[in-house]
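What Swiss-Prot annotates here:
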type	residues	note
BINDING	GLY83, ASP104, LYS127, ASN150, ASN184	ATP binding site
BINDING	CYS226, CYS229, CYS303, CYS308	Zn(2+) binding site
REGION	372-393	region 'Disordered'
COMPBIAS	382-391	compositional bias 'Low complexity'
Amino acid sequence: MSHAIDELQAIIADLKTELETEPKSSVGVASNSRLARDRIDRMSAEVVDSNPYSRLMALQRMNIVKDYERIRDKAVAIVGVGGVGSVTADMLTRCGIGKLILFDYDKVELDNMNRLFFTPDQAGLSKVAAAAATLSFINPDVEIETHNYNITTVENFDRFLDTISQGGRIAGQPVDLVLSCVDNFEARMAINAACNERNLNWFESGVSENAVSGHIQFIRPGDTACFACAPPLVVAENIDEKTLKREGVCAASLPTTMGITAGFLVQNALKYLLNFGEVSDYLGYNALSDFFPKMTLKPNPQCDDRNCIVRQKEFQARPKPVVIEEKAVSEEPLHATNEWGIELVAEDAPQSNPTPAETPVMGEGLRLAYEAPEKSSETSEETVTAATADETSLEDLMAQMKSM
């Protein structure tokens, strides 16, 4: 018996040695054959192949963004690193975000491979650890912080609340934006409660179970509807989501729909963080008909979240911007029967003579290149009379021509 135990211990020791000597790339970290680049202190607009930020900084040259490098001062929290969340983190990392805080308690499985970002060699790793390793290799300039726990439990909710309230780019400051990429209503309600309590703007996102539609919603506490203002039936009826799931049945998943939803999410997050363009309050996507609905949801005065009611009152108490409207001057028509304002003049009305322009006073030694001759009204009348007297009929002219 003791001999068998010794053999098992020897096998375990060999496996540990093999694991330690295995290339780090097998667990999602860059190996010596794939050296990560050095950190870059400042973003440069120099157009060279070795500059990873040249195409991003081109947004300044094209007057889309005033100061793109401000993105390095921003911190974003992503809750849920699945099909939408992992792609969202990937895009923000490539855009050069200053800090990413990732929340998830799940592991990478082989059934995740139909989605984007994760690779089969990362199966078994926690999603936040696998994501952090890959993202750090893509852009080592981004500060990445990971939290591997469920935010919906009582003890972990307080940790989540403290992290988004004090985990900003500057220590002790809140994050600039929270992105919800979770796949259940319980987690969405937890994020909603935290952001309402700390008055943080956040985006909610989701993909339908049939994988052919998705949406994003920008929630500004007090200004727009929170997730509890117009809850889905599962939330409103306090139904346990776990009772709805059946054994052997899973939700459908398409990387295309998730990629499109993540793209909408990051695009609007960038517009909000860098202050360009128009941020959509709600943007949906229906893949079957390529339909993209947009709308704005107003907050519910009878919302069940007491912090939402507080934020609504605070928003209503804010001074509204004064909009100065220019009063339009209405031009009344000159004639009641003429809606176009055309002035009618009688045929026998005397024609007004134009007032001759005054000759400017010239300095000494200066003269005008041309001076228009002055015409008096008497001269004009004499000219017209003479022209009338000299008029000859057509018959007389023809007779004169024949006699020549």
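Each residue, glycine too, has its Cβ placed from N, Cα and C.
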Quiz item: How many neighbouring Cβ atoms, not counting its own, are there within 10 Å of the Cβ of ASN150 (ATP binding site)?
Solution: 16
Quiz prompt | When distances run from the Cα of GLY83 (ATP binding site) to each of the binding-site residues CYS226, CYS229, CYS303, CYS308, the nearest one | solution = CYS226
Quiz item: How many whole Å apart are the CA atoms of ASP104 (ATP binding site) and CYS308 (Zn(2+) binding site)?
Solution: 26
Quiz item: Which are the residues of the chain, CYS226, CYS229, CYS303, CYS308 excluded, whose CB is within 8 A of where the CB atoms of the Zn(2+) site average out, their centroid?
Solution: ASN192, ASN196, ALA225, PHE227, ALA228, PRO299, ASN300, ASP304, ASP305, ILE309, GLN312
Quiz item: In sequence order, which residues at least six apart in the same chain have a CB under 8 Å from the CB of CYS229 (Zn(2+) binding site)?
Solution: LEU297, PRO299, ASN300, CYS303, ASP305, CYS308
Quiz prompt | CYS226 (Zn(2+) binding site) and LYS127 (ATP binding site), Cα-Cα, nearest whole angstrom | solution = 28
Exercise. Using Cβ-Cβ distances, find the residues under 8 Å from CYS226 (Zn(2+) binding site) that belong to the same chain and are at least 6 apart in sequence, listing them in sequence order.
Key: ASN192, CYS195, ASN196, ILE219, PRO299, CYS303, ASP305, CYS308
Practice problem: Work out the three-state DSSP category of CYS229 (Zn(2+) binding site). | Solution: coil
